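Scroll down for the structure; my scribbles are underneath it.
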């Protein structure tokens, strides 16, 4: 018996069944496909309680039966290996089937463990992505709220019946003293119709200011007033237009759209064309920008829209006027001053 145990130890390898301290074989059924012939014989000696000299062990060695061939053995093969002993063959076949089923269960368990690991990794990745998307959404929402808050807080408010320029998100209206109204956008637009006071917002309209060369007395009454810019029809112009040709004081005039790159000369010509003024007389007119209580003549090569935006950002509430050149000298004479600022002080 000791010689048999010694033979078992010598024929074992890394994938073979192990022996405990009592000499009992510890089966590694999941590795039986890697067993050698000696490993198979060792397993048969342990499970069937046979000697190494048993015909089964001899037939296994003669036929070179290794571990991966065991599941292929049928009952008849087992009976031939057992030298016609049916009882031993049945027992041998049952042990082979149990070992095969054990390996399949082990594979299923390993597959399930792998699937669980993959699902956990997928869950972790998905959770991280969702958290990242949530953070991005929160930042985007805060940015949008800040923009809306800034936009709403920077909008001018009309209080106590005082008419102010109310820019919309698309058009910035630039009033004109001769009834010309310019708006800061990319293209020239058509007529904007006035809306009723019941509307919450309406296009800003400008009314004609009389030429200063018509009457000195008229200037004395209104020299400290600027053209009224009304956001609805309930606020008419504060300047009378008696004896002034053109539209009536309460008539909404046309509005122009201009881009940032348009020069003063181009805007001036388009304004005159839009309001049916003679094109050949365009040098008799000038564009004047008013901000605070100051007025300044715009040179032909300047960019009125850019200047308008810069002054607006400084909170000076600018407005651009279309005037005749002769009006400025008359204003200086009536004021009795050497101030050559076009249009004088508002």
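From the backbone N, Cα and C atoms, a Cβ is placed for every residue, glycine too.
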Candidate annotated as phosphothreonine in Swiss-Prot, where the set is 244, 341: 244
Per Swiss-Prot, the candidate from 196, 248 carrying the annotation phosphoserine: 248
From the candidates 16, 202, the one which Swiss-Prot records as phosphoserine: 202
